[in-house]
Structure formats: structure tokens, C-alpha cells
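Below you'll find the structure, written out as C-alpha cells, and then a few comments.
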Amino acid sequence: MFTSTGSSGLYKAPLSKGLLLVPSALSLLLALLLPHCQRFFVYDLQAVKDDFQIWRLICGRIICLDLKDTFCSSLLIYNFRIFERRYGSRKFASFLLGCWVLSALVDFVLVEAMWYFFGIAAAGNLPSGFLAPVFALFVPFYCSIPRIQVAQILGPLSITNKTLIYILGLQLFTSGSYIWIVAISGLASGICYNSQVFRLHQVLCIPKWVAKFFSWTLEPIFSSAEPATEARIGMGATVDIQRQQRMELLDRQLMLSQFAQVRQQRPQQGGMINWNRLFPPLRQRRNINYQDGRRSEQQASPPLEVSEEQVARLMEMGFSRGDALEALRASNNDLNVATNFLLQH
């Protein structure tokens, strides 16, 4: 389960931190101190096609020349850093690289289609910057992060934890004349890579030796220290921020707890914990016909009282109330064990 934002800053997200600092700093440098060098970073597909300036496919698709695009894309990268913490830096970098390469091909197709069908020449007016992979990240954002309603307005319309991210993406989508071409190519490449079409995730990926090299050289520079404690929440904080901070703190605690349990169980079992030995799968329990039949309510032991706060936490992570109640009762109100079981089944 994922949260859209969090309170851990850039902890365990060195690549996201690098994408925030380096391109933004270069964009400011070009805009304020070196405006005469901006021509080398123009994303001009016409020059690529006519003059074979292949280097523009790299230089023109890294640094934003518009400071508004730099600001919006930086905010989106900061919110999407959750994927790097969950997938790992190598898988996250492979996704960005694959979408960056695929989007260049889709850009060519869309530009040529516009010229062929409508006679519109947009090859020399595409916006520069690391924009297509940012739009591609909306695909796993839409598929992987659950919606948590924060408020409801105008009847059926509701504000969720993802609303502001979509609004920010819409702002970036409407910031230029032909940025919609880059947005469509980014979304198309994100769908193709996320759906593993033609095994693109295996072809366009970061090799292990490259990941180890950058992990050894650049990760110490861009790494962030783990927060000592969760930041205190002020009176003006929203309920959504409080919920996200609690969920992210719980997520870190669960990972540490699971790692400790695996280390304890591995010498005995030789592998991961077999949760089915603790209690049967919840989703199969309802369909099992016990041979002894149902026990009467007088003979059955009274159900274990569970904490509504723990039930609410599990429901915020996307589980149903029934599964949350059964998991807490079966684990004797141990929130860590119950959450680990629900995540793995």
C-alpha cells in the first residue's frame, strides 16, 4: 500500500533528490546567468531530423528552460518519491529511463502525425526538460495508490489525497502550446512500461553493475538521513496529513518488524515465515466447510475485543473492515502481525 505524500522527506530516495537538485539548479543557472547557452538545450526535433543533431534528444530532454515547468515538475517528483522508496532506486531509475527512451519515439510519431493529417509543424516548439518521465509516473500513481477521501463538495465530487497531485499535473499539462505532445508520449510510455509490453522492463533497465557504481559514487552525496522521530503536527494540519504521517511511520515499523522476524525464523524454517501455519488465510476462511459444522454461540468463545483505532489504520491502508477485524482477532491485537499477513495474502 502506498501514500501519496509523506513525512519522511527524501529518506531512501537519493535519485529523487538528485532529480530535484541538479536539473533545477541547472535550469536556474541557464535562466539567470547563462541565457546565451539556452539554445543548446532546446528540444528541436526538426533539427534532429534535418541536421542530424542527435545530441538534442539528450540535452533537450533533461533541463527545463521554462522556470514554471521546473517548479511544477520538481513538486511532482517530490510527491512521486514514494515509488523509489518502495521499488528501490534501481527499479525506479529503470522505469524513468525506459519511459524517457520510449517517449522520444512517441514524440516523433505524434509530430509526424500532426504534420501529415493537419499540416501543423510542431517539431521545433516542443518544451524542453525531464517532462515525459514525470507524466509517465502518473500511471503507477493512478494504479498503485489508493484513494482516501478527505472532503466532499458539490454532492458527488470529493477531494481525495490524490486531488492536488492531479491538479498540479493539469497545471503542467496546460503550461505550453505543445506540451500536450510530451504529456501524451509520457503517459503512453508509462502504460507500455508498466504493462510490461514486449518485455520492455527487461530490455530498458539499469544493469546491476551500473546501479552498484552509482550507489557507491553518488548515493552518499544525495542520500538523506533517517528522521529520528516523526515531526509533531500543528493545530493547522489537515486530517489527511496526519493520516499519511501515521501510515508512513507504521510502514517503517512494519518493515523493521518483518525483517527481524525473518531473521529469527530463517535458521529454523530456512526461508520466509509461513503465515498459513499461524492462522488460515482470511479470504479462504469464508468458503471452507468445516466437517464438524458450526459451533453454537454458547460453546464458542466470546470474540476478542479489538481496538477501533487499529481497525481504522488497517482500513486506511485499503483493507476491508471484515478482514481487519479477523486479522486483529487472529493475531491477538498485534497490529504488525495483522498488517504483514494482510499484505502478503
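Keep in mind that glycine also has a Cβ here, set from the backbone N, Cα and C atoms.
TrEMBL does not curate its annotations; it predicts them automatically.
Positions annotated as domain 'UBA' by TrEMBL: 305-345. Per TrEMBL, the feature transmembrane segment maps to 92-110, 116-143, 164-188.
Here the domain 'UBA' (305-345) returns a mean pLDDT of 76 for the predicted model. Here the transmembrane segment (92-110) has Cβ contacts under 8 Å with residues 15-16, 45, 57, 61, 83-84, 126, 130, 132-133, 136-137, 140, 181-182, 184-186, 188-190, 192-194, 200-201, 204-206, 211 of the same chain, all six or more residues outside its ends.
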